[in-house]
Amino acid sequence: MSEYSLFTSESVSEGHPDKIADQISDAVLDAIIAEDKFARVACETLVKTGVAIIAGEVTTTAWVDLEQIVRDVITDIGYTSSDVGFDGATCGVMNIIGKQSPDINQGVDRAKPEDQGAGDQGLMFGYASNETDVLMPAPITFSHQLVQRQAEARKSGLLPWLRPDAKSQVTCRYEGGKVVGIDAVVLSTQHNPDVSYADLREGVMELIVKHVLPAELLSKDTQFHINPTGQFIIGGPVGDCGLTGRKIIVDSYGGMARHGGGAFSGKDPSKVDRSAAYAGRYVAKNIVAAGLAERCEIQVSYAIGVAQPTSISLNTFGTGKISDDKIVKLVREIFDLRPYAITTMLDLLHPMYQETAAYGHFGRTPAQKTVGDDTFTTFTWEKTDRANDLRIAAGL
């Protein structure tokens, strides 16, 4: 980054229409993968006033109650009444999921699992930075924390007039590549019609904004825009149509790093749009955690049906302790970025995905989870367990 600059990122809450769609798509994936680890799933969702539509391609031996899954996700988010604009119990659910094309399947499946080809061509990026403790850019980290706190305050009854839909935006000021302040904060939250703007602003400022953002980064010059239109009663799928995969920058690095264009939600790990992006984050985070660089962006690319990446490249933006070419060599030695190897390395064949579909796929904390008889670790791509290997190999 320049010596003196501003950078802005945004996030949206779990009740935002596009995020409802993402969560439904990943809930469908989780339900199928819980019964059939090797299923092929590509699930897209559309939500609009009174209806949810799921579509896509699935190859599986599992049977799951797709309609109930859709309703449960909508209800759990908090859309339980026409008063809030959407009701999981009464909305229409349309299922138009079909089977995966055999043309794609023949390019992916192999006699030897490790030779599994990529499910599609494409390019994916991973990124990490030492500007926060989770090795993520500060603007997107703060933006996620704001809408996550909005959901907590709503669900706990702390601010009972809140409704599910919300958006946040944070502008950070950088000097010498380091965050030195927050210039602007935007938080728009859906609410019931009974709360006054004065009460809403005070509640949001005191119990959400100030609760989340570091006081040392706020100043008398920080701009706060709380529901800047003055009213946000109509929200959710009534206000806007929601679609899977429309918040790919929110899902990743808030615009701080490049994006290959492929969405994550609703896709099983054979789709490198998802699994290779997770692997890219894993590699970049371990490079930064190892102290090889302060910032790192890695790109990988694939051809459909081909196991080995067609390219691996990275940029440490002048912060590397060794050359970028040497780091690429270490990446090739230490990380196997073939699709099946990624799935094995990150232990991705578990129902872990719905949790990723709100508040970002990166910068999260790995945790042990049990679903039925299956116990596994979530957010495995956030581990830094290869940092020491990189450090030793680099001679640091």
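Keep in mind that glycine also has a Cβ here, set from the backbone N, Cα and C atoms.
Quantities reported herein were computed from a predicted structural model and do not represent experimental measurements.
Here is what Swiss-Prot says about this protein:
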- H16, D165, A166, K167, D240, R246, K247, A263, K267: ATP binding site (BINDING)
- D18: Mg(2+) binding site (BINDING)
- E44: K(+) binding site (BINDING)
- E57, Q100, D240, K271: L-methionine binding site (BINDING)
- 100-110: region 'Flexible loop' (REGION)
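Features per Swiss-Prot, on structure.
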| residue | record | Cβ contacts under 8 Å, 6 or more apart |
| --- | --- | --- |
| H16 | ATP binding site | D165, A166, K167, G236, G242, K247 |
| D18 | Mg(2+) binding site | V12, D240, G242, L243, T244, R246, K247 |
| E44 | K(+) binding site | A21, S25, I54, A55, G56, L243, T244, G245, G266 |
| K267 | ATP binding site | L29, V41, A42, C43, D273, R274 |
| K271 | L-methionine binding site | A42, G119, D120, G262 |
Within the predicted model, mean pLDDT of the region 'Flexible loop' (100-110): 58
Other CB atoms, at most 10 A from the CB of K247 (ATP binding site): 25
Structural state of D18 (Mg(2+) binding site), classified by DSSP into three states: helix
Structural state of D240 (ATP binding site), classified by DSSP into three states: coil
Packing count at E57 (L-methionine binding site) (other Cβ atoms within 10 Å of its Cβ): 16
